[in-house]
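K.L.:
Here's a structure for you.
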Amino acid sequence: MATKDPTAVERANLLNMAKLSIKGLIESALSFGRTLDSDYPPLQQFFVVMEHCLKHGLKGRKSFLSYNKTIWGPLELVEKLYPEAEEIGASVRDLPGLKTPLGRARAWLRLALMQKKMADYLRCLIIQRELLSEFYEYHALMMEEEGAVIVGLLVGLNVIDANLCVKGEDLDSQVGVIDFSMYLKNEEEIGNKERNVQIAAILDQKNYVEELNRQLNSTVSSLHSRVDSLEKSNTKLIEELAIAKNNIIKLQEENHQLRSENELILMRTRQHLEVTKVDVETELQTYKHSRQGLDEMYNDARRQLRDESQLRQDVENELSVQVGMKHEMELAMKLLEKDIHEKQDTLIGLRQQLEEVKAINIEMYQRLQGSEDGLKEKNEIIARLEEKTNKITTAMRQLEQRLQQAEKAQKEAEAEDEKYAQECLSQSDSLQRQISQKEQQLVQLETDLKIEKEWRQTLQEDLQKEKDVLSHLRHETQKVISLKKEFLNLQDENQQLKRIYQEQEQALQELGSKLCESKLKIDDIKEANKALQGLVWLKDKDATHCKLCEKEFSLSKRKHHCRNCGEIFCNACSDNELPLPSSPKPVRVCDSCHAMLIQRCSSNMP
C-alpha cells in the first residue's frame, strides 16, 4: 500500500477537529441561550484548535537565544491588508499584562471573535499567499485548501455573542492542549444534560442579579455625584447672590445719578429747541415777505400785458377801418379808366410800401419767434396781425387782377374811344374832378401808411420794454432760487448741528457713566483704606491659638488670616470666600466676618 503524506494527514486531522469544535461551539451556544464568557469550555477548546491550525507549517525564526515559532507575525499583517483591523492591533498592544507574542495572538483571536470578523480577517490573509509564504511553509494548512475551508466554517460563528474579559486572563502561560473527551459521546453525558440545564438556569439568575446590582451601584454613585454637584452649586449661588446684592446697590445709585443727569439734559435740549424754533419762525417770516414782493411784481406784469392786449385790439379795429377804405378804393379804381398809367405808378409805389411792410412784419415775426415762453400771448397776437396782413396782400392781389381786367377793358375802351371821343370830351371835366378826388384819397392813404409805420415802431419799443421786464423778472426769479438754495443749505446745517448735538449728548452720557463708575471705584477704595486703617494685621508670631475655636496651631492645623478683620484663624473657622471693596476677587474671610458681611448685604437690599 502507498504511504500517505504525513503533512496531508495532519491537515486533514486539524480540519476535522476544527469542524467538530466549531459545530459543537455553535450547538452548545444556541442551547445555552446567552452570551458566552471566557470560562466556557467549548469556547476555550475552539481557541486551542485555532491556535494549532495557525501554528501548522509555521516557519521558525532564529533569535539570539532560542529558535521560536510565533503566530503573531501573520496576524499582525492583517492590519496592513484590512484597515478596520487597526483597532484590534492597537488595543492588543495597549494591554498591560501581555508580554509574549503568543499572548498577543491569543488576545487578537478573542477580540476578533467578539467583533464577529474573524472570518473576514483570515480571508484577507489566505488571499495574499505571497505574503504568507514569508511566515509559512508551502505545505502549511493556511497555504492549502484546508485553510479556505476553515475560513468558510468560521462564518457560522457570527451567530454567537461572546463577552470575553481579556485583561484578567494569563494568556502568556496557557498550555494549548486539545481535549478530545468533549467530542466523544458517553452515557454520563446524557444524564448530565438535565444538570447542565439546571446549572444554566442558576447561572442566568446569578447573572441577572449581578446586572441589577451593577445598575443599582451605578445609580447610587450617580446620585452621590449629583448631590455633591448640587451642594457646590448651592454654595456658589449663595456667593453669587451676595455679589449680586452688592451690584444691585451700586446700580441703584448709578440709576439715581443718571436720572438727575437726564433731567438736566432734557432741560438743555428744550431750551435749545425753543431757540431753534424762534430762528425758524423768523426765517419763515422773511420768506413770506419776499414771496409777497414777488407776487406784487407778477401782478404788475399781468396788468401791463392786459394794457398791451387792449392797445392791440384798438390797432386791429383801425386795421379793419383801413380794410373798409381799401374796399372803397377798389370801387373807385373801376371808375379810373383813362388814368391807368398814373394809377399803375401809384400802385407800384404802394407795392413797394407793402413789401416794406411785409419785411417789417417778417422781422417782427422772427423777433417774436426768438422771444421766450412767457410772451406766447403776444406771439399769438402778432400771428393774428400777420394773418390780417396776409388778407391785405390777398386783397391787393385781387386789386391787381382787377387792374388786369381794367387793362383789358382799357383796350376795349380805346377801341370805343375813337367812336365815343366826343362823349369823352364832354365827360372829361367830370372825370378830372373825380381824379382830383382820388388824388386826395391817395394822399390820405399815404398819411395812413405813415401812421401805421409809426404805430409799428411804438410796438417794437413796447416789445423791447416787455423784454426788459422779462429779464428783470428772470433776475428776480434767480434771486428767489438762490434764496431757496440758501434756505435748503441752512436746513442741512441745522440737521448737521442736531446730529452733532445728539452725538455730544451720547458722549456726555458715556462720560457720565464712566464718571459714575470711577466715583464708585474711588468710594470702594476709600472704604477699603478706611477698613485697612482701622484694622490691625496680626502677625503670625503673636497667634498661637485660633480666635474662634481656640485650638492650638500645629503643623497639621495651619494659620490663615481673615482679609476683613486681620485676625488669624484655622482652616475650619476661615473656610469662606467673599469679594471685599479692597479686592474685586473673592478672598478668605472668617465665619463671624462672613455672617456680618452677608447680613450687611441683605440689609442693603431694597
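Using N, Cα and C of the backbone, Cβ positions are placed for all residues, glycine too.
Pasting the feature list from Swiss-Prot:
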type: BINDING; residues: CYS546, CYS549, CYS570, CYS573; note: Zn(2+) 1 binding site
type: BINDING; residues: CYS562, CYS565, CYS590, CYS593; note: Zn(2+) 2 binding site
type: COILED; residues: 210-267; note: coiled coil
type: COILED; residues: 294-515; note: coiled coil
type: DOMAIN; residues: 37-169; note: domain 'RUN'
type: ZN_FING; residues: 540-598; note: zinc finger
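Are these features on the surface or tucked inside, and what are their neighbours?
P.N.:
Other C-beta atoms found within 10 angstroms of the C-beta of CYS573 (Zn(2+) 1 binding site) number 20, with every protein chain shown included. For the recorded site, CYS573 (Zn(2+) 1 binding site), the DSSP three-state label reads coil.
Mapped onto three states, the DSSP output places CYS590 (Zn(2+) 2 binding site) in coil. A simple way to gauge crowding: the CB of CYS590 (Zn(2+) 2 binding site) has 25 other CB atoms within 10 angstroms, across all the protein chains here.
For the domain 'RUN' (37-169), the model's pLDDT averages out at 85.
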K.L.:
Residues other than CYS562, CYS565, CYS590, CYS593 within 8 Å, Cβ to Cβ centroid, of the Zn(2+) 2 site?
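P.N.:
Surrounding the site, in chain order, are ARG563, ASN564, GLY566, GLU567, PHE569, SER574, VAL589, ASP591, SER592, HIS594.
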K.L.:
What's the CA to CA span in angstrom from CYS549 (Zn(2+) 1 binding site) over to CYS565 (Zn(2+) 2 binding site)?
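P.N.:
Here the two Cα atoms are 16 Å apart.
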K.L.:
Using the Cβ centroid of CYS546, CYS549, CYS570, CYS573 as the reference point for the Zn(2+) 1 site, which residues of the same chain not in that list have Cβ within 8 Å?
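P.N.:
In sequence order, the nearby non-listed residues are LYS547, LEU548, GLU550, LYS551, LYS557, PHE569, ASN571, ALA572, SER574.
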K.L.:
Reported as an integer number of Å, what is the Cα distance between CYS562 (Zn(2+) 2 binding site) and CYS573 (Zn(2+) 1 binding site)?
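P.N.:
That comes out at 10 Å between the alpha carbons.
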K.L.:
Say you check the Cα of CYS590 (Zn(2+) 2 binding site) against those of the binding-site residues CYS546, CYS570, CYS573; which is nearest?
P.N.:
CYS573
K.L.:
What does the structure give for the C-alpha distance between CYS565 (Zn(2+) 2 binding site) and CYS573 (Zn(2+) 1 binding site)? Integer Å is fine.
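P.N.:
The Cα atom of CYS565 (Zn(2+) 2 binding site) is 13 Å away from the Cα atom of CYS573 (Zn(2+) 1 binding site).
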